[in-house]
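One structure below.
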Amino acid sequence: MLYNTTLKEDIFTNLANLVINYNQWPKKNSMTISIPRFWRRTLCMLYEFLLLLGVWFIASFIFHFVFRDPTAIYFKPLFQFYLLSVAGIYFIWFWTHGGQTLAMQTWKMRVVTVNGNKLSTRQAITRYLFAVIGITFFGFGIIWALFDRDRQFLHDRLAGTRIVKVEN
């Protein structure tokens, strides 16, 4: 069977360009981006955890009001799933509505796509799930940033997002 070599070359070239250009940073002269240092992002995460404790406190009160039997066999796994869901709703809503959680507003940071755009709901969900997995495994997703060429957390790398400084 004969193939058109030009068509094969075009397909190969387009495929190679797609692989090479996937998830690359935009050119420096197309937009000015300032990426916060590792320690600043880590401190922001610690502050975020303190704020999340308050959200979880209110959510726990509601959960215990609805499910009154803490000795039931379903209680603990359901409660853990509920708290993860509450945290997910908190993060996903803030990331898709302005790109900043309360802690990120305080520390003047924003989460954006690699192109500098607002996150889609799908990207926010992906980022959250990978962040939970990365933090659960002894903080591997956070430590990853120390070795990443762009100093990104693993969940940012996998979700196609990044943290940038908010300029006044």
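Quick reminder: no glycine exception, Cβ is built from N, Cα and C everywhere.
So that you can see what the record holds, here are the features copied from TrEMBL:
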{"type": "DOMAIN", "residues": "36-160", "note": "domain 'RDD'"}
{"type": "TRANSMEM", "residues": "46-67", "note": "transmembrane segment"}
{"type": "TRANSMEM", "residues": "79-96", "note": "transmembrane segment"}
{"type": "TRANSMEM", "residues": "128-147", "note": "transmembrane segment"}
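Under DSSP, the residues of the domain 'RDD' (36-160) split into helix, strand and coil as follows: 85 helix, 5 strand, 35 coil. Looking only at the domain 'RDD' (36-160), the predicted model's pLDDT averages out at 95.
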